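Listed features, source Swiss-Prot:
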COMPBIAS  660-674  compositional bias 'Polar residues'
DOMAIN    1-177  domain 'SPX'
DOMAIN    435-639  domain 'EXS'
REGION    158-165  region 'Important for inositol polyphosphate binding'
REGION    660-692  region 'Disordered'
SITE      Tyr22  site 'Important for inositol polyphosphate binding'
SITE      Lys26  site 'Important for inositol polyphosphate binding'
TOPO_DOM  1-238  topological domain 'Cytoplasmic'
TOPO_DOM  260-269  topological domain 'Extracellular'
TOPO_DOM  291-314  topological domain 'Cytoplasmic'
TOPO_DOM  360-375  topological domain 'Cytoplasmic'
TOPO_DOM  397-401  topological domain 'Extracellular'
TOPO_DOM  423-468  topological domain 'Cytoplasmic'
TOPO_DOM  492-503  topological domain 'Extracellular'
TOPO_DOM  525-692  topological domain 'Cytoplasmic'
TRANSMEM  239-259  transmembrane segment
TRANSMEM  270-290  transmembrane segment
TRANSMEM  315-335  transmembrane segment
TRANSMEM  339-359  transmembrane segment
TRANSMEM  376-396  transmembrane segment
TRANSMEM  402-422  transmembrane segment
TRANSMEM  469-491  transmembrane segment
TRANSMEM  504-524  transmembrane segment
Amino acid sequence: MKFTEHLSAHITPEWRKQYIQYEAFKEMLYAAQDQAPSIEVTDEDTVKRYYAKFEEKFFQTCEKELAKINTFYSEKLAEAQRRSATLQNELQSSLDAQRESSVVPGLRQRRKAVFALTHEERVQHRNIKDLKLAFSEFYLSLILLQNYQNLNFTGFRKILKKHDKILETSRGADWRVAHVEVAPFYTCKKINQLISETETVVTNELESGDRQKAMKRLRVPPLGAAQPAPAWTTFRVGLYCGIFMVVNLAVVMAGYHFLQGKNVWPMVRIYRGGFLLIEFLFLLGINTYGWRQAGVNHVLIFELNPRNNLSHQHLFEIAGFLGILWCFSLFSCIFGLSINLQMHLNPLILYGIMLVFLVNPTKTFYYKSRFWLLKLLFRVFTAPFHKVGFADFWLADQLNSLAIILMDLEFMICFYSFELNWGKSEGLVESAKSVCNSYSYGVRAVVQCIPAWLRFIQCLRRYRDTKRAFPHLVNAGKYSTTFFMVTFAALYSTHKERNHSDAQVFFYLWIVFYFISSCYTLIWDLKMDWGLFDRNAGENTFLREEIVYPQKAYYYCAIIQDVILRFAWTIQISVTSLNLFTDAGDVISTVLAPLEVFRRFVWNFFRLENEHLNNCGEFRAVRDISVAPLNADDQTMLEQMMDQDDGVKNRVKSRIWKRSQSMSLRRPRLSSQSKMKDAKILIDDTDDEANT
């Protein structure tokens with residue numbers, strides 16, 4: 001593998017700009033070689049002056065790159081040292097509290113037997129668990145910094161060697177010895193010391209001396225490109241996709257043969273939600289593949305465990321497996337008409353299997369990922385009671401595009417409860433008009449508003465935490481338009497069914513709020529979620545200054561499809577109002593539902609790209625995990641103090657507060673360090689420990 005490819009595959013994406021610009025140096029050398037005056041048409045002194053001038057410019061550029069790398073490395077090393085001190089203080093506090101609570105072991109054991117764990121014991125257990133996770137993430141950040149150190153040194157060595165080869169000189173090697181090999185980023189070995197200390201602390205203090213267990217916890221995933229999936233996973237993906245296509249064809253043929261002249265809409269509404277969920281999972285697999293290929297660190301953005309998370313192959317496998325179940329269930333439902341089987345049992349079995357797959361408590365079938373999803377769903381539905389993270393509102397946004405699944409679930413419950421004739425085998429294709437598909441009882445309107453309500457209260461919670469009206473209250477206003485839109489749609493539908501004269505008034509109000517909602521969400525998609533239409537876009541017209549995906553056409557096509565699909569409701573309303581054909585509303589909504597899932601699939605690419613670029617701007621490459629983080633009010637107060645012009649002048653007034661809140665930078669003495677002297681952290685001495 002060429003070093004350019006190796007560098008591209010192994011860099012930390014959020015630090016991309018801080019690495020040596022190896023490709024730019026290569027282009028610089030090749031351009032100098034191509035543009036050099038020929039010795040055949042000019043004198044030797046002119047050629048020497050040309051190369052001397054080029055080398056002066058080349059080494060000046062090398063000095064700038066070296067200074068950039070030294071500065072960034074020193075900053076990240078200082079940050080790592082501060083983080084190490086903080087974690088060790090937290091660990092020491094937790095261990096001290098644990099020792100204090102075990103002063104009376106006999107009484108404690110008896111109390112455990114009677115009352116189980118006390119609140120203090122549960123808190124201590126949770127703190128230790130959080131500390132293990134925090135040290136694991138900190139260790140990952142150290143490995144990333146060590147990798148940064150090694151890649152940049154190798155980059156300088158390679159490019160200076162190439163310089164000497166092209167120019168037939170040894171000045172590149174001399175410059176490397178004189179500058180690179182004595183540079184702080186290369187000579188400073190404190191990163192190795194921090195790595196060793198972290199391994200020792202985790203082994204002795206958190207894993208009771210079991211080094212194998214400690215290193216398994218600290219294991220860092222490969223820093224290169226995504227590792228290939230196991231052969232059996234790839235085989236199963238292909239097998240499931242092949243079976244799905246064959247059975248899907250059989251479903252179409254069976255439906256054409258057995259369902260002619262029957263009212264299939266109850267069955268369609270019941271099975272439609274399952275299909276949309278499978279489509280969503282498959283497209284999410286494509287999202288994951290695209291993010292990995294483009295260098296968008298979705299693992300960090302969603303705060304997943306970098307050592308254990310689902311790849312695109314796993315998502316394809318799950319989607320394929322569920323797709324086969326869906327096809328067999330639908331085929332059995334249709335084919336059951338010819339042999340008098342109870343067709344209405346098939347959907348119950350299908351969704352029962354899906355539910356069991358999700359909540360299965362055994363540690364099988366992607367247990368950690370399923371548990372993460374269940375925990376995230378719980379956080380989404382309890383949004384007002386805790387701080388909202390990116391994964392929380394991302395999932396709530398997905399639910400807004402999957403709202404029809406909730407509506408179909410409501411229809412299914414209503415249909416099975418009130419309309420289904422359980423004694424007939426053809427219960428899902430009866431010709432009776434469905435009341436459950438209307439807004440008559442108001443439940444359907446409430447269900448339709450649930451996803452928008454979740455995002456609405458998330459925005460209010462974020463406003464409470466940050467005290468920033470923009471963007472959070474403005475974003476909440478965007479989701480509130482859905483409430484008006486659904487309300488007027490329900491009023492129009494019920495008044496029209498009862499032939500009330502004011503139905504047209506509600507129809508026009510529905511159209512107005514639908515238009516306002518579509519414009520609102522479209523502008524927010526393009527400007528806020530995707531960060532497009534930046535004034536400083538430069539050559540990336542109508543986009544942003546920096547883009548991740550290789551072709552600008554991707555962005556322009558995404559803008560066009562977002563505009564079209566945001567206003568696709570106009571087709572549905574027009575066709576339904578004109579009543580161009582039978583069941584026009586159901587047909588159009590069934591076509592538009594998968595298209596909305598596709599729109600959200602495209603949205604995901606650019607929403608995470610925008611978040612990734614924000615992380616790049618902050619050079620954030622690992623999760624921020626602390627046992628005792630600042631609460632939202634403290635964080636807001638600190639930000640306000642930092643924004644004040646006289647904040648520095650008046651800092652003496654808060655000296656008492658600072659003294660009580662600040663943390664000593666002296667490392668706490670743990671049992672694993674009992675023979676080591678206390679050492680203060682040195683922030684500005686990254687060049688005083690040369691080791692060449």
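The backbone N, Cα and C atoms fix where each Cβ goes, and this holds for glycine too.
Computed from a predicted structure; not experimentally measured.
By a simple count of nearby Cβ atoms, those within 10 Å, the most crowded of the recorded sites Tyr22, Lys26 is Tyr22. In this chain, the transmembrane segment (402-422) lies apart from the transmembrane segment (504-524): fewer than three C-beta pairs between them fall below 8 angstroms, excluding pairs fewer than 6 positions apart. The DSSP breakdown of the topological domain 'Cytoplasmic' (291-314), given as helix, strand and coil counts, is 11 helix, 0 strand, 13 coil.
Panel annotation: around the transmembrane segment (239-259), residues 316-317, 320-321, 323-324, 327-328, 330-331, 334-335, 337-338, 429 of the same chain, lying at least six beyond its termini, place a Cβ under 8 Å from a Cβ of the stretch.
Using a cut-off of 8 Å between Cβ atoms, the transmembrane segment (270-290) and the transmembrane segment (504-524) share fewer than three residue pairs, counting only pairs 6 or more apart in sequence. Sequence-distant contacts of the topological domain 'Cytoplasmic' (360-375) (same chain, six or more residues past either end, CB-CB distance under 8 Å): 304-305, 308-310, 314, 318. Residues of the topological domain 'Extracellular' (397-401) grouped by DSSP class, helix first, strand second and coil last, total 5 helix, 0 strand, 0 coil. Proximity of distant same-chain residues to the topological domain 'Extracellular' (397-401), defined by a Cβ-Cβ separation under 8 Å and at least 6 residues beyond the stretch ends, is recorded for 280, 380, 450-452, 454-455, 596-597, 599-600, 603, 607. With a cut-off of 8 Å between Cβ atoms, the residues of this chain six or more beyond the topological domain 'Cytoplasmic' (291-314) that come close are 13-14, 16, 136, 140, 219-221, 225-226, 229, 233-234, 237, 285, 366, 368-369, 372, 389-391, 394, 548-550, 605, 608-609, 611-612, 615, 620-623.
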